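K.L.:
Quick paste of what TrEMBL says about this protein:
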| type | residues | note |
| --- | --- | --- |
| BINDING | CYS133, HIS135, GLU169, HIS193, HIS396 | Mn(2+) binding site |
| DOMAIN | 213-307 | domain 'Peptidase M20 dimerisation' |
| SIGNAL | 1-18 | signal peptide |
Amino acid sequence: MHLFKWFLLFLIFHVFAATPILSSADLNQPFTNFLDDAKNAQVFDWMVKIRRKIHENPELLYEEFETSKLIREELEKLGVPYKHPVAVTGVLGFIGSGNSPFVAIRADMDALPIQEMVEWEHKSKVPGKMHACGHDAHVAMLLGAAKILKEHEKEIQGTVVLVFQPAEEGGAGAKKILEAGALENVTAIFGLHVAPNFPVGEVASRNGPIMAGSGFFEAIITGKGGHAAIPQHSIDPILAASNVIISLQHLVSREADPLESKVVTIAKFQGGGAFNVIPDSVTIGGTFRAFSTESFKQLKQRIEQVIIGQAAVQRCNATVKFFDELSPFYPPTVNDGDLHEHFRKAAGNVLGINKVYDMPQFMGAEDFSFYQEVIPGHFSFLGMGNASSEPFQPLHSPYFKINEDGLPYGAALHASLATSYLLKHQQEVAKVEGKYNDEL
């Protein structure tokens, strides 16, 4: 009897040990060469060529027609079916079985209204426009992931949705993608952003809130213009605006919890055009940011109250606009806990766990947050630092440069996150089905 029990246990052990779908180690086995694929000279040179072509021809939000055309042409060459247009210029590509589960990986396409100051062979050819936030690299890396995934398509257990999104820079393109119903079947979405302050081949992220919610406001403060030599006959809107700006700073320094990060920044002040004339009105504007929706709404309410109230103290009138329809508020970017753990494992497999870091919260904003309000999502930062002695140039700088050596890491990470998620999903389904079979 004891011998039979031991034999039965031995048999059960070998039956389960021979079932590969239940082994987490085996899940990543078919895809361990993604980084090697991405570093292949042919693939790397192809990504660099695409990135440089996009960089030379930057397009602002919802104007990415040529960028969108280039993406579609490359997808067609790869044999990847796509949907277009989505959200004006957006493109959705599909790789895999065409069936569920569906997982999305996203890249934004738009440039910034900045004059490029970097002198190099592939400098922007469009005056006043520049890819100063690395979206040209984002597109190139997602296309690189598409090229790799297409070669492994038969191994993909589900469908990878490639999201080439317009208008991240203030246009809430992600919101329009969702409103178009394009991601209804997607159960998870991953996004990444280049980080010139991290070394190449390293990634950083965190669980929970990683970036702040962001909004813009503009106020017109109206008084009564007149000669600067006789101010008593005028109502000075410049003085009123100055008091408004000082009072707005108190919202953070005296009303906010010191342990809760918030920002109110005035970045626009326009009024008057002569040294001896008090103008009729002054326009100010800026941004406000917080890590929770509740704090964000409270800050918005107080900004309006302070502007109107302080203007009234100086005998001026004020109107406040928040551009809700033109540029919707960006919610806080909040990473899903389970997806963050998945990210750490997948990134560790591709880059090495010693290259995966936790990062502090960052007061920047990302419209990727719109996806996370309706779909579990994860956002991370990919190192693009240059080892040279050149001074560091931040995002949105006219001197910003991309280290193209980082492109293979982004392509491989995109591909790994998507395929390992689908394999994990299949594993979980198999466990559930196995449970019911055991019961039967």
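Cβ coordinates are placed from backbone N, Cα and C, and glycine is handled just like the others.
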K.L.:
With DSSP helix as H/G/I and strand as E/B, how many residues of the domain 'Peptidase M20 dimerisation' (213-307) fall in helix, strand and coil?
P.N.:
35 helix, 35 strand, 25 coil
K.L.:
Tell me the Cβ contacts of HIS135 (Mn(2+) binding site) under 8 Å, same chain only and six or more apart in sequence, or just say none.
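P.N.:
Sequence-distant Cβ neighbours: ALA107, ASP108, MET109, ASP110, ALA111, GLU168.
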K.L.:
In this structure, which of the binding-site residues HIS193, HIS396 has the fewest other Cβ atoms within 10 Å of its Cβ?
P.N.:
HIS396
K.L.:
Which residues does GLU169 (Mn(2+) binding site) neighbour through Cβ under 8 Å, counting only same-chain ones at least six apart?
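P.N.:
Those within reach of GLU169 (Mn(2+) binding site), by Cβ under 8 Å and sequence separation of 6 or more, are LEU60, LEU61, ASP108, ASP110, ALA111, LEU112, CYS133.
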K.L.:
Over the domain 'Peptidase M20 dimerisation' (213-307), what does the predicted model average in pLDDT?
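P.N.:
PLDDT averaged over the stretch: 96.
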